[in-house]
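Written below as structure tokens is the structure these notes are about.
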Amino acid sequence: MSKIVVRGGRKLHGEVQISSAKNSVLPIIAGCILNGDKCVINNVPMLEDVFVIIDILKSIGAKVDINKIENKVIIDTEDIKDCMPDSELVKKMRASFLIMGPMLCRFGHFKISLPGGCNIGTRPIDLHIKGLSALGAKINVGYGYVEAFAKKLVGSNVYLDFPSVGATENIIMAAVMAEGETIIENAAEEPEIADLGRFLNSMGANIMGIGTDTIRIIGVKSLKGTTYKPISDRIECGTFMIAAAITRSKFKINGVNFEYLKPIIAKLTEAGIYIEPKGNSVIVDGNRELRHIDVKTMPYPGFPTDMQSQITGLLCTVKGTSIITETIFENRFMHAAEMKRMGANIKIDGRSAVVEGISKLTGAKVRATDLRAGAALILCGLAAEGETEVSDIYHVDRGYVNIEEKFKLLGADIERVN
Ligand code: UD1
């Protein structure tokens with residue numbers, strides 16, 4: 001199994017290019033099921049999770065052409081059948097659930113194994129079920145699988161008790177060809193949901209209010225194929241911003257959308273990092289006196305839970321006491337035990353981590369416990385004295401394109417060891 005070895009302490013410099021958003025591309029690929037036609041998706045990040053969702057679509061009959069040189073994927077869903085996708089693939093990631101809405105909309109039925117994914121909490125599916133049931137589906141959660149039937153989907157009002165990203169996406173995709181109007185209230189507002197909405201509208205859907213907490217969908221009769229380019233990955237960009245901060249370096253990050261980064265930039269600026277937008281790029285200067293801060297994860301436009309482990313790593317190196325509160329997932333501090341191996345002073349108190357900054361982390365053998373935790377440990381390794389070995393790197397490969405290559409281009413002493 002691959003490991004990443006980092007010899008820390010180097011300043012980073014130069015430029016790095018951000019890939020498209022994994023969390024946009026996954027629902028967009030699932031959404032291709034809806035039209036029974038051909039879609040061309042450009043700028044696709046060639047990541048493990050993307051390959052898994054593509055393989056899931058192939059397992060039910062889609063024809064997919066992946067061009068890794070042009071980062072382009074052509075998906076033809078004409079021959080998709082109403083059958084159960086490969087359960088071994090579905091178990092690999094939670095986002096497999098994103099095919100529920102499209103399958104239900106196109107076939108009036110789906111049967112899918114209960115998916116896996118990062119081990120960061122219980123991650124129930126009650127909100128997905130609530131939304132799909134409101135549109136008329138009869139849903140049965142059996143031992144290890146979930147199955148739904150609907151003779152006809154009819155638009156409805158759905159109020160989400162919590163703005164779940166996946167549930168919002170599934171309900172939108174189920175509703176696009178339902179009869180009449182669907183209104184989702186307390187919908188999640190993440191930019192990737194707006195991106196999915198724009199993709200579906202480019203296929204002929206009629207979705208309004210995307211990117212707000214009230215989404216209105218007027219059902220249409222059919223959808224057609226389209227060509228689409230997803231937005232850039234704000235979490236990958238945030239991870240590189242923290243790389244600049246944790247190594248007290250200055251470099252340029254290209255291919256970013258400043259608007260979507262505001263919740264991350266607000267906290268980094270509060271911590272003393274200088275961030276300057278320049279068109280589709282940002283210059284990040286972390287070579288400053290940094291300040292300890294408190295951070296609380298929240299649904300968008302709050303600070304993203306997917307950046308929590310990375311900012312925790314940074315605050316381990318900033319003098320003073322920082323408190324990081326995780327409100328989205330109940331088990332998302334597994335990286336703390338690994339950071340402690342590197343000398344970090346972190347105490348977990350319920351949903352909060354109390355971090356006492358130290359002057360220098362020390363290289364150690366650590367394990368990526370989930371996708372973002374793995375990225376955070378690489379960041380800590382870049383700042384640490386000596387050598388850090390991050391094992392179970394397959395977690396990181398689910399969400400970052402060539403992470404060690406991108407850091408190498410910035411001057412880091414980093415390599416992958418198989
Ligand atoms: C998506 C992202 C993930 C991110 C998360 C929160 C994708 C592919 N993944 O995951 O990277 O960390 O949003 O921003 O886009 N919940 C329920 N019932 C449900 C659904 C969710 O209680 O039916 C709870 C979850 O357990 C969790 C919280 O809601 O505590 C947030 O989950 P959700 O927004 O659904 O996250 P995902 O869509 O799984």
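Each position is counted from 1, following the chain as shown.
The backbone N, Cα and C atoms fix where each Cβ goes, and this holds for glycine too.
Curation does not apply to TrEMBL; its annotations are automatic.
As annotated by TrEMBL, domain 'Enolpyruvate transferase' applies to 6-406. The feature phosphoenolpyruvate binding site is assigned by TrEMBL to Lys22, Asn23. Annotated UDP-N-acetyl-alpha-D-glucosamine binding site per TrEMBL: Arg94, Arg123, Pro124, Ile125, Asp126, Leu127, Asp306, Ile328, in sequence order. Positions annotated as active site, proton donor by TrEMBL: Cys118. Annotated 2-(S-cysteinyl)pyruvic acid O-phosphothioketal per TrEMBL: Cys118, in sequence order.
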- Task: Please tell me which one of the binding-site residues listed here (Ile125, Leu127, Asp306) sits closest to Lys22 (phosphoenolpyruvate binding site), measuring Cα to Cα?
- Result: Asp306
- Query: Cα distance, Asn23 (phosphoenolpyruvate binding site) to Arg94 (UDP-N-acetyl-alpha-D-glucosamine binding site), nearest Å?
  - Reply: 12
- Item | Rounded Cα separation (Å) that holds between Leu127 (UDP-N-acetyl-alpha-D-glucosamine binding site) and Asn23 (phosphoenolpyruvate binding site) | 19
- Just the number: how many Å between the Cα atoms of Asp306 (UDP-N-acetyl-alpha-D-glucosamine binding site) and Asn23 (phosphoenolpyruvate binding site)? 11
- Per-residue pLDDT averaged over the domain 'Enolpyruvate transferase' (6-406), given as an integer: 95
- Message: For a Cβ distance below 6 Å to any atom of ligand 1, name the binding-site residues from Lys22, Arg94, Ile125, Leu127, Asp306, Ile328 that qualify, or say none.
- Response: Arg94, Ile125, Leu127, Asp306, Ile328
- Where among the binding-site residues Lys22, Arg94 do you find the Cβ with the fewest other Cβ atoms within 10 Å? Arg94
- CB contacts under 8 angstroms to Ile328 (UDP-N-acetyl-alpha-D-glucosamine binding site), restricted to the same chain and 6+ apart in sequence, sorted by sequence, are Thr297, Met298, Pro299, Thr305
